[in-house]
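J.: Residues annotated as substrate binding site in Swiss-Prot, with sequence analysis given as evidence: 98-100, R126, 129-132, 139-141, T187, S319, 324-326. Look at Swiss-Prot and you will find H188 tagged as active site, proton donor/acceptor, backed by sequence analysis. Taken from Swiss-Prot, the feature active site applies to S318. Taken from Swiss-Prot, the feature site 'Important for catalytic activity' applies to E331.
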Amino acid sequence: MNTVRSEKDSMGAIDVPADKLWGAQTQRSLEHFRISTEKMPTSLIHALALTKRAAAKVNEDLDLLSEEKASAIRQAADEVLAGQHDDEFPLAIWQTGSGTQSNMNMNEVLANRASELLGGVRGMERKVHPNDDVNKSQSSNDVFPTAMHVAALLALRKQLIPQLKTLTQTLSEKSRAFADIVKIGRTHLQDATPLTLGQEISGWVAMLEHNLKHIEYSLPHVAELALGGTAVGTGLNTHPEYARRVADELAVITCAPFVTAPNKFEALATCDALVQAHGALKGLAASLMKIANDVRWLASGPRCGIGEISIPENEPGSSIMPGKVNPTQCEALTMLCCQVMGNDVAINMGGASGNFELNVFRPMVIHNFLQSVRLLADGMESFNKHCAVGIEPNRERINQLLNESLMLVTALNTHIGYDKAAEIAKKAHKEGLTLKAAALALGYLSEAEFDSWVRPEQMVGSMKAGR
């Protein structure tokens with residue numbers, strides 16, 4: 001039995017593994033780009049299959065492709081979407097910057113599989129042609145950016161946004177539950193005036209709510225599809241109705257609000273939609289990193305740290321120190337946030353590059369974009385499940401630190417003035433006195449006045465503020 005078969009493209013014949021559906025151009029890419037281990041993301045491959053499926057349907061409707069071929073292409077695409085042919089897409093991210101080789105990988109696989117479905121064979125005698133049939137009315141220059149947007153929008157809608165909403169809801173519930181717990185505030189890593197634990201967490205909630213708005217604001221641009229622009233945006237070799245119809249078909253089969261891009265030149269020449277959307281993801285990463293850092297600082301200890309909250313103890317934390325437990329969910333979240341920030345730099349560089357009518361950094365851009373979405377979605381799910389839901393206040397420790405804080409003296413500003421209040425705080429700190437003892441020693445107010453004016457629960461504004 002032959003282990004290879006001969007496939008042919010415009011450069012001539014080349015041997016391809018007999019058991020594989022891919023063809024000549026995929027094989028050339030495999031041989032010419034043996035770079036690292038990063039492969040084209042499966043979600044991008046499936047987005048390419050969705051794009052080819054929609055194109056086959058529209059080409060049939062416009063009488064550009066026979067019903068027999070269109071049906072076979074759609075069936076082959078459905079098999080790809082079902083994961084039956086995942087190992088037929090072996091190409092590296094590091095290939096042509098337009099994604100042409102991955103587009104042809106899909107064209108070849110669908111053409112060979114569709115030919116088999118029609119009773120034919122794979123290879124040069126196939127019944128369905130990768131360029132003339134599967135790629136009809138298309139160019140890699142509009143197919144690949146379309147697949148990028150399809151994969152990105154679906155990932156944001158199905159993976160990231162639900163997890164962001166879940167974490168926001170968890171923290172919102174914690175904010176309400178802890179609304180009456182007065183604690184010391186901290187600015188510049190120094191003691192500050194009081195607030196409630198609920199107010200502190202309400203700030204985290206508001207951050208995530210803003211992040212959601214920023215992400216949702218970016219979605220309409222991501223929903224614009226380049227398909228129909230073909231090589232340089234002019235729509236050469238396409239039917240006048242093709243671009244609109246294929247966007248409508250993709251909207252139907254994905255249940256997502258895809259539309260044809262109003263300007264195909266922008267859609268081909270830039271990655272602006274993904275640059276802007278990833279900027280929102282970077283903002284989310286910054287917020288999550290701040291939240292995770294706050295959580296692990298507030299939970300530091302257990303005896304020699306701040307220790308105002310407790311978080312779940314999920315696993316042993318040290319191979320040498322018995323009983324040690326670490327804030328591992330916070331650490332995982334902060335690490336992946338750093339990766340997302342790094343991805344943003346690469347995406348910005350890629351988006352700013354490319355020349356004239358085509359951006360040629362697309363595989364790198366979509367690889368990093370989809371990685372960021374997955375990291376953030378998985379990270380939020382893990383942090384929520386294994387940390388956030390288990391946050392509990394340590395009321396005794398909170399009260400201890402609150403009562404030891406010199407910054408409660410701020411309540412005296414409006415009664416005795418800033419300078420005298422500062423003198424009280426400095427004397428208390430220097431001599432190891434309580435604020436009350438220092439105030440009475442200086443003779444600036446009576447004990448009754450101090451007890452009436454320095455009341456932490458009255459220094460937090462509305463106890464319900466924020467949430």
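In case you wondered, yes, glycine gets a Cβ from its N, Cα and C as well.
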J.: Please report the number of other Cβ atoms within 10 Å of the Cβ of the residue listed as 'active site'.
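T.: There are 10 of them.
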J.: Helix, strand or coil by DSSP: which one applies to S319 (substrate binding site)?
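T.: The residue in question, S319 (substrate binding site), is coil (DSSP, three-state).
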J.: Measuring Cα to Cα, how many angstrom lie between S98 (substrate binding site) and S318 (active site)?
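T.: Rounded to a whole number, the Cα-Cα distance is 47 Å.
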J.: I'd like the Cβ neighbour count for S98 (substrate binding site), meaning other Cβ atoms within 10 Å of its Cβ, all protein chains included.
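T.: Its Cβ has 22 other Cβ atoms within 10 Å.
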J.: What is the one among the binding-site residues N131, S139, S319 whose Cβ has the most other Cβ atoms less than or equal to 10 Å away?
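T.: Per the Cβ count within 10 Å, the most buried is S139.
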J.: Looking only at C-alpha atoms, tell me how far T100 (substrate binding site) is from S318 (active site), rounded to the nearest Å.
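T.: Counting only the Cα atoms, the answer is 49 Å.
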J.: Test of understanding: give the count of other CB atoms lying within 10 angstroms of the CB of H188 (active site, proton donor/acceptor).
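T.: Around H188 (active site, proton donor/acceptor), other Cβ atoms within 10 Å: 6.
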J.: Between V325 (substrate binding site) and S318 (active site), find the distance joining the two CA atoms and give it rounded to the nearest Å.
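T.: V325 (substrate binding site) and S318 (active site) have their Cα atoms 7 Å apart.
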J.: Let me check the 10 A CB neighbour count of N141 (substrate binding site). How many other CB atoms are there?
T.: 27
J.: Going by C-alpha positions, which of the recorded positions (N131, S318, S319) is nearest E331 (site 'Important for catalytic activity')?
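T.: If we rank N131, S318, S319 by Cα distance to E331 (site 'Important for catalytic activity'), first place goes to S318.
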J.: What's the CA-CA gap between N141 (substrate binding site) and H188 (active site, proton donor/acceptor) in angstrom, rounded?
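T.: For N141 (substrate binding site) versus H188 (active site, proton donor/acceptor), the Cα atoms are 51 Å apart.
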